[in-house]
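Engineer: Please see the structure below; I have some questions.
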Amino acid sequence: MIVTFLGTGSGAPTTRRNVSGIGLRFLQAGKWWLFDCGEGTQHQLLRAPMKISQLDKIFITHLHGDHLYGLIGLLASRSLRNTEPTPLELYGPPGLDRYFRGIMEASPVHLQYPLEIKIVSEGVIYEDEEIVVSCRMAKHRVPSFAYAVMEKEKTGAFQVERAKQAGVPSGPLFGALKRGEQVTLEDGRVLDGKDFVGEPQPGRKIVFSGDTEPSQAVLELAKGADLLVHEATYAHHDKELATRSGHSTAREAAQIAKEAGVKELCLTHFSPRYEDEDGDFSMEDLLAEAQQIFPATQLADDLGSISVKRERSDGRKP
C-alpha cells in the first residue's frame, strides 16, 4: 500500500502546494483510491504514478471547497480516459449527493460509467474480502469524517515441506490441508491443516484525519495504525487561529499520534504562512514542534509517497 500526496496545502493552492488530495494505491490489485479532491487534483495526477482509469473509489471528508472543487472535472476526465466503463464509488458526508446533482443540472456531464454516491455515517462503510473501511465524525466547522483503511489479517504461508515430511500425498488431501481443514491419511492419522500454516500476517492500517480540531473520535479511530495522516494547519503559537477555524496544530497532531500508539505520523494541510524560509517560523520548525512529542513524524510534500509495508507476526517487514 502506497500513500501519494496530490495536495498538501490548506485553503488555496500555492506555487509549492496544491490543495487537498491523497491517493492510496493497492499495487497487487492494480487500483487506487482517492481521499479528497481539491481543485487541480487531476492536474497533479498527470505527474503522479496513478492512472485516472484505475481509480476505483473516492472518499470525501467534508464539503469545503479545498477538498471538493476538483471532483466534477476529475469525474468528467475519467469518462474520457476510460476505454472500459468501470464503475466508480463516491463516499462522503450528507450533502455530497445534492452538490453533485446541482452541478449536473447547471452544467451536465455525461459520465460513461456507473457512479454510485454513498452518504456515510459513523461505522463500517465498505468491506470486501481483504479491506474494511470505517469512519468517525471529526471536529470541524462542518460535518467532517476521518477514514480508516484496514487490511484483514492474512493467513500464514502453507508449509509445504512439513506436509510432505508428514507423508501427505499431493492431490486433494494436500489441497484440504492448505485450506486449513482436517484430513485423514491412509494409515489412520488425522492431521489438522492449522498445524501446517505459518503465523498469520497482521493487516495494515492507514488513517486519514481530514480537517479537524483535536478529536477523541479520531484518536480512537487511529489506535494502532501503521500510518496516521493528520492535518497540521498551524503551529502551536497560532493555536487561537486553529481553534477559531476548526483545525489542529502540529503539536496537537503529534499528541494524537502518541496517545493512539501509531507507528508513523505524516502531517499535511499546511497554512502557507510557514512557507517563507526567511520568516520567523518555517516548515522545519513545524516539524520540530511535532517531533518533540512524536519523533516518528514527517511532513507531506506534493507528489511525495509513503510505502506502508505489511509486517510479519514477529514484527519485521517481509
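In case you wondered, yes, glycine gets a Cβ from its N, Cα and C as well.
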Engineer: From the candidates His110, His140, give the one listed by Swiss-Prot for the same Zn(2+) 1 site as His62, His64, Asp211.
Structural biologist: His140
Engineer: Name, in the order they occur in the sequence, the residues of the same chain whose CB lies under 8 A from the CB of Asp66 (Zn(2+) 2 binding site) and which sit 6 or more residues away.
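Structural biologist: Correct list: Gly9, Ser10, Gly11, Ala12, Val19, Ser20, Gly38, Glu39.
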Engineer: Three-state secondary structure of Asp66 (Zn(2+) 2 binding site) from DSSP?
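Structural biologist: Looking at the DSSP assignment, Asp66 (Zn(2+) 2 binding site) belongs to a helix.
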Engineer: Given His67 (Zn(2+) 2 binding site) and His140 (Zn(2+) 1 binding site), what distance in Å do their CA atoms have, once rounded to a whole number?
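Structural biologist: Counting only the Cα atoms, the answer is 13 Å.
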Engineer: Given a 10 Å Cβ-Cβ cut-off, pick out the one of the binding-site residues His64, His67, His140 that has the most other Cβ atoms nearby.
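Structural biologist: Max Cβ neighbours within 10 Å, all protein chains included: His67.
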